[in-house]
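So that you can see what the record holds, here are the features copied from Swiss-Prot:
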TOPO_DOM  1-32  topological domain 'Cytoplasmic'
TRANSMEM  33-53  transmembrane segment
TOPO_DOM  54-219  topological domain 'Extracellular'
TRANSMEM  220-242  transmembrane segment
TOPO_DOM  243-397  topological domain 'Cytoplasmic'
TRANSMEM  398-418  transmembrane segment
TOPO_DOM  419-433  topological domain 'Extracellular'
TRANSMEM  434-454  transmembrane segment
TOPO_DOM  455-897  topological domain 'Cytoplasmic'
ACT_SITE  Asp483  active site, 4-aspartylphosphate intermediate
BINDING   Asp845, Asp849  Mg(2+) binding site
TRANSMEM  898-918  transmembrane segment
TOPO_DOM  919-929  topological domain 'Extracellular'
TRANSMEM  930-950  transmembrane segment
TOPO_DOM  951-967  topological domain 'Cytoplasmic'
TRANSMEM  968-988  transmembrane segment
TOPO_DOM  989-1043  topological domain 'Extracellular'
TRANSMEM  1044-1064  transmembrane segment
TOPO_DOM  1065-1075  topological domain 'Cytoplasmic'
TRANSMEM  1076-1096  transmembrane segment
TOPO_DOM  1097-1113  topological domain 'Extracellular'
TRANSMEM  1114-1134  transmembrane segment
TOPO_DOM  1135-1204  topological domain 'Cytoplasmic'
Amino acid sequence: MGENPAKSHYAQLNLGEENEMEIFGYKTQCCRKALCIAGYILSCGALLLLFYWKPEWDVWANCVPCSLEEADVVLLRTTDEFRIYSRKNVTWISVSGIIKSRLDYPSFAEEDSIFSKALMKPSLQVKSIQVQKIRYVWNIYAKQFQKVGALEDHHTCSAIHTKFGSGLTCSEQSLRRVICGPNTIDVPVIPIWKLLIKEVLNPFYVFQLFSVCLWFAEDYMEYAAAIIIMSPLSISLTVYDLRQQSVKLQRLVESHNSIMVTGRNKEGFQELESHHLVPGDMVVLKEGKALLPCDAILISGQCIVNESMLTGESIPVTKTQLPQADNLKPWKMHCAEDYKKHVLFCGTEVIQTKGDDRGVVKAVVLQTGFNTAKGDLVRSILYPKPMNFRLYRDALRFLMCLIAFAAIGMIYTVCVFALNGEEAGEVVKKALDVITIAVPPALPAALTTGIIYTQRRLKKKGIFCISPQRINMCGQLNLICFDKTGTLTEDGLDLWGLLPSEGNCFQDVRRFPADHSLPWGPAFRAMVVCHSLIVLEGKIQGDPLDVKMFEATNWVIDDSSGHQIEGQRSTHATVIRPGPKANTASVDGITILHQFPFSSALQRMSVIAQETGGEKQAFTKGAPEMVATLCRAETVPSNFESKLLFYTAQGFRVIGLAYKSLQSGKQSTDLTREEVESDLTFLGLLIMENRLKRETKPVLEELSAAHIRSVMVTGDNIQTAVTVAKNAGMISPTNRVILVEANKIPGSFSASVTWKPLKENKTEDDGNLDSGSQTGRRIRLAAEPGQFHFAMSGKSYQVVAQYFSHLLPKLLLNATVFARMSPSQKSSLVEEFQKLDYFVGMCGDGANDCGALKVAHAGISLSEQEASVASPFTSRTPSIACVPELIREGRAALVTSFCMFKYMALYSTIQYLGVLLLYWQLNSFGNYQFLFQDLAITTVIGMTMSFTEAYPKLVPYRPPSQLVSPPLLLSVILNILFSLGMQILGFLMVQKQPWYSKTDIHSACLSVNNHVENSSSASSLGLHGVGGGDPTEVDNGYKSYENTTVWLLSTINCLIIALVFSKGKPFRQPIYTNYVFIMVLVGQLGVCLFLVFADIDDLYSKMDLVCTPTTWRISMVMMLAVTLAVSFLVEEAIIENRALWLWLKKTFQYHSKSHYKRLQRVLEQDSAWPPLNETFSLDAVTVSVEEDMEGHSNPTFDSNEDAL
């Protein structure tokens, strides 16, 4: 049913956000509701169950479309490819108990606030809905639902200081408390009965209930009883697991809801519990450690916080107060990407506070409850984003095909039994029975079996996963983005030297640690104070770069409070003093008065410091090219660029230093960043060694050999990044590096892009960080169609993405190095790679890479935390060796899923074909025969087939990602035909045997006791004869020569396909390494052969088998042996023959439809690509890329179709 697109009926919720939804208004109609209730009763609840599964049908049946303003029910639909519906009832919040009269409106809410705009007058009610724990209220004026529980974004910096700096009034607090709800992240432990009902109503168990009822009606007591025993056990285990998760999550958040805070309103300070806080409240942060109960904007003072809960990194982060800017920009726009530097996030720990001039640290509550950072984390756990992996979609489609297959069998069954004069009730039972045989309800669940065991193996290797459904995706990864510092290179940098500048000329380089005699001066003072280090439990903590720089000075941090600073009141400040090993200095200490923390967007940090009895000075440290632009031109050496290139080309990490003296009279906290970071004096370059981790080269070599492309995404200098890429083996020494520079033309809406070869700088031996001769054999980049690599900065990437978007895919195809990238640019880059149909992995340290780690198909955070919200995967070992490990396990899990899927599909089909054959003679399998096949064979195989571990070597192609690929479909179809052929052959041949008799089932074996009959099994089927209608016939129940033959052949055939489908190399270990599985198969085969050759009357009677001559038993074994040989030969010689499929693709000129592959073929024909030493302006560029490159297909051998 389509939706009315009328504006009043339809709107968008959370536009542009990750959880964007469409919302439709509906009004309940009494007559429709009455008809639905009647339908529930008449259908015995089946209609109600259907509406439970499909909430949109429930709304469409019970309600009529209306405007959102009139709606009492809303229907929500996600805007992703899944289009998932959910139903929510509209509720009303009454505030009449707070607002007594119309005259009180102004004192409760400002006119421009959502609280005023949502209040319906004169009823004094607010219309609201709650979606995924977030409350939305109806904005009467904007005619839309808006989120509450957060401070409005339109406030300016100055407005936040003036409006909320002294707190809200009691009446404002009361109104906001009622509308926003309590500041709690309330995750109640779900009662067991609720979990039980939810699990029982799962379609899988509903189908099982239907099957059990049908089996009881047909007297299939044993199998039905087995299912009744197994299902509650399975449900109980699932409910227990869900309950444990619920308890664990509740423990994670319970401390959040019981924190005491000091708040302030217009009447003064007050102690209150954190759940009373509302957006706009002002809280005072006291000294000492504390957990934050909400997101808050720091408006005075400074805080050191531990954000490991958010990023996985335990490095302390400095938060500074929001500037009091006098412009009309909203505060987030004014602060741009740096707004987080002023925000204290819920769930993080305040380690240390530093008061302002009045000794107070104040913050304004920004967001409460589930709107906070911690609330967002909890919601992501409660409502995980579904993954669009075609394997699961194909599984459901295949299930639909099996249902259609079963429908054919039902028609056949009805015809056979009806033509033989069976009762209508019996015909219906038999027809329905076909569905329970042909359609295994566990088929989609079979795809997850490999994931469960893989997750356990990963945990043993120190790789933790909070999103198991992404494990299969790891098997498809063909491009990995790596952060540089701390990921490819060592986290702890070594200080190599200082290149001081004086009088706009560089002086001699001062090496570390050989040269300890650093002279006292501005450059030395910059190294002493320009950092964000703190002393925590007696140890200096902070950024590793800052730690190395500071330790080289031999000064110490005296981090105590109450230092008297000339011209100011007593304040909490950090004082740096000379240590015992420090050189003689002319001052007793330097006090850090204020700090502007490092910003990835600005590429620098600054501090304001004051020597004891001296003047205030500002010191800046950051990217050299950025720092140089902030300095007076006459202080920057003329050979600045060549010197910078000299060191960065060797792989050094280079930091620029600058300073200036500040005029007295203005308080440090009143100075803006722009005032401080201007007209600086350039001090020199700090040179740090950026050594590769020992695992980097072997891992990148392994990925390259597997044709998995590696890309570097870093915040460092482009020359340093290119050098590290060369040393690591990402770029071969014989390949060209082309620098892409894009610039926006000032004062216009146009831009230009230039391609030029990157300058090579031959360096002296003593400066080489990592000589090329030491790298051994170089690695050829896996995915490069040409012998060149693009390198670009974050600024150029942004300009290309904005002005030359049609060129971006062509650049990304060969881009290997991205330098000076901000966190948002990293996320954008990953998304752009995904648009080219790459399966993208991202490996970083979890701090500045958070966004990219979440966006990537597989984000891997290198962190000491067991699990980080920064990414789906966390490696406790800080090494990229986890990347190939994860890919190996992902490939193994993916192949296991395919093996299980094929086995489940074939097992049900074999049983289905056997039953239909016997239906021709109005016969079927016996209860214990079904029981043996389903439990003793299939269940045990399903549990042990997934034990096979990953193959240790990564091969240069990926496993298939879709079930509808030609090799897999051919494998399934051929094996179905082999099984069908063998069963029909056995069925017909047994009837041609001289000892065969329809009526005398003991004629073949004279040694059997005279005509022992199983009266109990005979009565259980309730059939009358075998088509001939001979009145002298004896009813033998299920027992017949056809039954014995078909059942034995089909049972052992299940073992054959289990062995044939259990893939080993190249993605999993050989099958013989799975000892448990091999023992199971051998044991099951032994039991089956025993049933074939045994002559035990009681056993045969129980299993509804009849005795046959030994020659016929040997004939059955020979048929099975031929089937095994043919199946194995076809699987190995055709299905798994990679060379054959590549030849077929080449013969029929099949090409991958993946966007990047199509683009490669286009560029291979373009002799003018890449352009060198050319500049394109915006209006001069023509589009040469195919316009219709949409869609995604990743057939079986898509990853490297031309290489092999």
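A Cβ is built for glycine as well, from the same backbone N, Cα and C atoms used for every other residue.
Sequence features, as recorded in Swiss-Prot, placed on the structure.
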residue : record                                        : Cβ neighbours (10 Å)
Asp483  : active site, 4-aspartylphosphate intermediate : 27
Asp845  : Mg(2+) binding site                           : 22
Asp849  : Mg(2+) binding site                           : 34
Between the residue listed as 'active site, 4-aspartylphosphate intermediate' and Asp845 (Mg(2+) binding site), what is the CA-CA distance rounded to a whole number of Å?
8
Which sequence-distant residues neighbour the transmembrane segment (1076-1096)? Criterion: at least 6 residues beyond either end, Cβ under 8 Å.
936-937, 940-941, 944-945, 947-948, 1005, 1007-1008, 1048, 1051-1052, 1055, 1058-1059, 1062, 1103, 1105, 1107, 1110, 1113, 1116-1117
Sequence-remote partners of the transmembrane segment (33-53) [C-beta within less than 8 Å, at least six residues beyond its ends]:
61-62, 201, 203, 206
For the transmembrane segment (220-242) against the transmembrane segment (930-950), do we get 3 or more Cβ-Cβ pairs below 8 Å once near-sequence pairs (under 6 apart) are dropped?
yes
Please tell me whether the transmembrane segment (898-918) and the transmembrane segment (1114-1134) touch - that is, whether there are at least 3 C-beta pairs under 8 Å between them, with each pair 6 or more apart in sequence.
no
Counts of helix, strand and coil residues, the topological domain 'Extracellular' (919-929), according to DSSP:
4 helix, 0 strand, 7 coil
When secondary structure is assigned with DSSP, how many helix, strand and coil residues does the topological domain 'Extracellular' (1097-1113) contain?
10 helix, 0 strand, 7 coil
Per-region confidence, the topological domain 'Cytoplasmic' (1-32) (mean pLDDT, whole number):
78
Let's see if you can do this one: DSSP helix, strand and coil counts over the topological domain 'Cytoplasmic' (1065-1075), in that order.
4 helix, 1 strand, 6 coil
